[in-house]
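What Swiss-Prot lists as Fe cation 1 binding site is Glu28, Glu63, His66, and the listing cites sequence analysis. Taken from Swiss-Prot, the feature Fe cation 2 binding site covers Glu63, Glu108, Gln142, and the record attributes it to sequence analysis. Annotation comment: Swiss-Prot describes 11-160 as domain 'Ferritin-like diiron', evidence class sequence analysis. Annotated N-acetylmethionine per Swiss-Prot: Met1, in sequence order. Positions annotated as N-acetylthreonine by Swiss-Prot: Thr2.
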Amino acid sequence: MTTASPSQVRQNYHQDSEAAINRQINLELYASYVYLSMSYYFDRDDVALKNFAKYFLHQSHEEREHAEKLMKLQNQRGGRIFLQDIKKPDRDDWENGLNAMECALHLEKSVNQSLLELHKLATDKNDPHLCDFIETHYLNEQVKSIKELGDHVTNLRKMGAPESGMAEYLFDKHTLGNSDNES
């Protein structure tokens, strides 16, 4: 095994930023893994909420893309990618749509907090490129995602979820089923 040679392209890229990017990559991959678990839970024959499954599968792919974008940045800046083990989701049974949406909301807020801390680190290390990258590619999208999930949680509660199975069915069919046409 060869040791990594020093980068020719590295400039104004602090080691703390490099390490924080590697941690963010892991967090984005973890989020992707959680959403993948949610997707296939809702795809089960005894749950059968196909639009919840599609929604969470889409979220999983987005989180993986976020990780890949950070990997590309790491290479562009002359950093080195060090992947860590991805923690398994805290549960395998997501119980119902409301619970899954609440967990997703909590997850997105955690990812957002980590991005805000990464932005602060980049500011402290006087790295305008990293600040701009995070602002351009992540922060606005996180805020939109948090708002969307918050709206979903509110609407599911208003419809009587989780006590009413009909609420989840209607939400799956009419809200998530029509989301392909919006975005």
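Using the three backbone atoms N, Cα and C, a Cβ is placed for every residue, glycine included.
Counting only residues at least six positions away in the same chain, the Cβ atoms of Ala31, Gln142, Ser145, Ile146, Leu149 sit under 8 Å from the Cβ of Glu108 (Fe cation 2 binding site). Sorting the domain 'Ferritin-like diiron' (11-160) by DSSP state (H, G, I as helix; E, B as strand; all else coil) yields 114 helix, 0 strand, 36 coil. Listed in sequence order, Glu63, Arg64, His66, Ala67, Leu70, Val111 are the same-chain residues six or more apart from Glu28 (Fe cation 1 binding site) with CB atoms under 8 A from its CB. Taking the centroid of the Cβ atoms of Glu63, Glu108, Gln142 as the Fe cation 2 site, the other same-chain residues with Cβ within 8 Å of it are Ala31, Gln59, Glu62, His66, Leu107, Val111, Asn112, Glu141, Ser145, Ile146.
Taken as a whole, the domain 'Ferritin-like diiron' (11-160) shows an average pLDDT of 98 in this prediction. The residues near the Fe cation 1 site, meaning same-chain residues not in Glu28, Glu63, His66 whose C-beta sits within 8 angstroms of the mean position of the site's C-beta atoms, are Leu27, Leu29, Ala31, Ser32, Glu62, Arg64, Glu65, Ala67, Leu70, Val111, in sequence order.
Just so you know, of the binding-site residues Glu63, His66, Gln142, the Cβ with the fewest other Cβ atoms around it within 10 Å is the one at Gln142.
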